[in-house]
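First up is the structure itself, then whatever we jot down about it.
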Amino acid sequence: MNYYIVGILLFITLFSPFTKSEPPKLDRPSNETEFIHGNSKPNCKAAEPAKGKQWAVLIAGSTDYENYRHQADICHAYQILKKGGLKDENIIVFMYDDIAFNVENPRPGVIINQPGGDDVYEGVPKDYTQSAATVANVFAVLLGNKTAVQGGSGKVLDSGPDDHVFIYYADHGATGIIGMTDGLIYAKDLIDVLKKKHEAKAYKTMVIYIEACEAGSMFQGLLPNNWDIYATTAANAEENSYGTYCPDDYPSAPSEYDTCLGDTYSVAWLEDSEMHDLRFETLEKQYKTIRRRVFTQDLDFNSHVTQYGDMKLSKEFLFTYMGTNPDNDNYTSMANSKPSGFSSASQYDAELLHFWYKFHRAPEGSTRKLEAQKELHRKISHRMHVDHSMKEIGKLILGSENSTMMLLKTVRPLDQPVVDDWDCYKMLVKTYEEHCGSLSRYGLKYTRALANMCNAGIKMEQMAVASAQACAKIKP
């Protein structure tokens, strides 16, 4: 659902105030059930109880009901870790916490992560919510710096040299960027934090899972293989990731929901972890299972789950990081097999899908429908503004109508980070927003062009002049 569907939605909202048309039909990949796990208890020794403590940091970076799925993913992860035996004192949760009791939530106080699923919100620690769910607090928590934390519970990752750490993040991302409620986490800054943690000998081993578009760009060319850190990402450094369990998907969110319940990569590892005795499943096996389930043959809905860092750690058992639920001791693949693929919508389009269904399902002639129409129109208008301004900036700086698209298609080798000069990259993002308004979640798709401008030697002054000229007559 890219420009074609955006165009359809724009036509509807502009020229047909209360049209009874059908919602956009996405060309979804099909689902065929197959057994993807095999025997979860091979003839091998089970994982020994981990020495040291098990820690987890769970981060949902987004706000607003249209991003329901990110907080649902994080809450689900908490339930798995809690059932696995991790202590609340060692689980730190970041989420804005504006979903469970949102006026749009059809089940107040309840969050689900799959059709027919249990409530995953109950009991989740509210460590860093609302104004405390910030970039600065994420870094302070990861570094174990209690004095730097502002607000929240004050819990930090106070891990030691014998401890095992699991970090899981879900939200929107882009080229070398993942989002938080108050700003952006840049890959170089995250790597610097991990380097400090490594040099302080503040963990024995660490595993990181990231759900975001272009999530691989957070580690590509940056994460060494000798820091005892193993990471997997929902997509490589240039791909979208995808929401799932959306309205009219198969399987679909319940009819009263107008938003996606989960994300493909996240749901894949969460459901896999729920089904297995994690004393017998390695990180490598879960990586392969997730990669197989997320990958589809439909190139419009395709991402490659990717791994980075210390590959030796992939041989370790999940139990070391997540514990295991005793209820999974008698797991059989026949009883618990899952579909091999997902129906899905890109992270960018999942947001628009929510606003479409909100408009489509509102009663004809109602104030609710009129407000939903206005909201959808605002979202589409903002996308058009970002598209136009980015195209104009590329033309003004590089002299060609197609400059921005060419920069978006330029991909660096796998052993190189997506940008060399991170300060330049930050300044170009900041300069654009000063002159043209917020990039927003949708506009993040253009950050690769900005990164490649830095790689091509474009200076902040050039960006400022071009942005001011491109956006002079456009109200951000």
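Each Cβ is built from the backbone N, Cα and C atoms, and glycine gets one as well.
According to TrEMBL, the protein has these features:
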- 1-21: signal peptide (SIGNAL)
- 23-35: compositional bias 'Basic and acidic residues' (COMPBIAS)
- 23-43: region 'Disordered' (REGION)
- His172: active site (ACT_SITE)
- Cys213: active site, nucleophile (ACT_SITE)
- 374-471: domain 'Legumain prodomain' (DOMAIN)
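Here the domain 'Legumain prodomain' (374-471) has, by DSSP, the following mix of helix, strand and coil residues: 74 helix, 0 strand, 24 coil. When other Cβ atoms within 10 Å of the Cβ of the residue listed as 'active site, nucleophile' are tallied across all protein chains shown, the result is 27.
Distance between Cα atoms for the residue listed as 'active site' and the residue listed as 'active site, nucleophile': 6 Å, as a whole number.
Per-residue pLDDT, averaged across the domain 'Legumain prodomain' (374-471), gives 92. The number of other CB atoms found within 10 A of the CB of the residue listed as 'active site', across every protein chain shown, is 26.
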